[in-house]
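Worksheet: the structure to be examined is printed underneath.
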Amino acid sequence: MKRVCIVGASGFTGGELLRILLQHSGVEVVCATSRKFKGEYVYRVHPNLRGFTQLKFVEPTIDAALKADVVFLALPHGESVKWVPQLYESGVAVFDLSADFRLKDPNAYVEWYKWPQPHPYPDLLAKAVYGQPELHREELVGARLVAVPGCMATASILMLAPLAKFGLISAPPVVDAKIGSSGAGAEGSVVDLHSFRTYVVRPYEPVHHRHIAEIEQELSRLAGKEVKVAFTPHAVDIVRGIFTTGHVFVEKMPTEADLWKYYRALFGDSKFIRIVKDRLGISRYPNVKYVLGSNLVDLGFELDARMKRVVTFAAIDNLVRGAAGQAVQAFNIAMGFPEDEGLRHIPVAPI
């Protein structure tokens, strides 16, 4: 039984970590921190947890976290880096859901996250495992510092990974992403208020979005060469979910059989990835509607011979597979639990 502390447990991601870990047979949640809600019952902030826990929020301190064997950091970017060195040095396993240990180049944090200087702990950065289980499974076994990938990066990387791995990417892919309002977090801003967000389809950070750094890092690793990506996200009028479409212009068109072979080679054994390309039924390509509440990734593709283009698709729940669920999946592999422990959720439909 692993004793777990969730630091930053009052936000959407923290709430999802609680929801999942409270159902995990190998975990005891001993600590949930929140400066704002210190002393309050967890279920008063996360009403869906009423009747499942009597846990109260505590002040976020290193001492509180060190009562656990494993710490999940659900903190804003730039905050986790203040916690990780001492936790790691104390022997605690850390699963960081911020971006603070995702990028391998210390200098990348200056460009992509506007840090005033390169990453202050390059040694820990080198030790951190990028926590995308399907692509880093062997590295995750026994890992003590895991950087959980970003939500839109997760969908983008997984849908393009087979094309990168099997040499189809010669020109920069173009990625269009759409994300629900929960991606902005529990605090939000004025544009996340109901009157602004309802009916919206709005681009934001249309160039140089920070998730590009992760996408390029991982696709370059798979391709064995530098891969650059044109990426534009959009805020849309849903609460949960991410849908990404990738456009890959190729030198030589693959066949449909080739693409099935590539996707199955990379993801055929995955417990959570479904290849959705059907000739019948009401959902012939991936659809956010049919992954909500789950750790599933639905991937699909189509061929455009006229334009020598492969179109790829991915649908995930941003709070589960894009954050808490992927963190627990990585935790399970690292700690020797069944990979799907606590994550056997069939998506809710209709919704």
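Numbering starts at 1 and runs along the chain as it is shown here.
Cβ atoms here come from the backbone N, Cα and C positions, even for glycine.
What you see is a predicted model, and the numbers here were worked out from it, not measured in a lab.
Feature annotation from Swiss-Prot assigns active site to Cys151. Among the features that Swiss-Prot reports, NADP(+) binding site is placed at Ser10, Gly11, Phe12, Thr13, Ser34, Arg35, Lys36, Asn318, with the record citing sequence analysis.
Positions of the features from Swiss-Prot, shown on the structure.
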{"residue": "Ser10", "record": "NADP(+) binding site", "Cβ neighbours (10 Å)": "25"}
{"residue": "Gly11", "record": "NADP(+) binding site", "Cβ neighbours (10 Å)": "23"}
{"residue": "Phe12", "record": "NADP(+) binding site", "Cβ neighbours (10 Å)": "22"}
{"residue": "Thr13", "record": "NADP(+) binding site", "Cβ neighbours (10 Å)": "28"}
{"residue": "Ser34", "record": "NADP(+) binding site", "Cβ neighbours (10 Å)": "22"}
{"residue": "Arg35", "record": "NADP(+) binding site", "Cβ neighbours (10 Å)": "12"}
{"residue": "Lys36", "record": "NADP(+) binding site", "Cβ neighbours (10 Å)": "10"}
{"residue": "Cys151", "record": "active site", "Cβ neighbours (10 Å)": "27"}
{"residue": "Asn318", "record": "NADP(+) binding site", "Cβ neighbours (10 Å)": "28"}
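Between Lys36 (NADP(+) binding site) and Cys151 (active site), the C-alpha separation comes to 25 Å. A gap of 15 Å separates the Cα atoms of Gly11 (NADP(+) binding site) and the residue listed as 'active site'.
Overall, the recorded NADP(+)-binding residues Ser10, Gly11, Phe12, Thr13, Ser34, Arg35, Lys36, Asn318 cover a maximum inter-Cα distance of 25 Å. Here Cys151 (active site) is positioned 25 angstrom away from Arg35 (NADP(+) binding site), judged by their C-alpha atoms.
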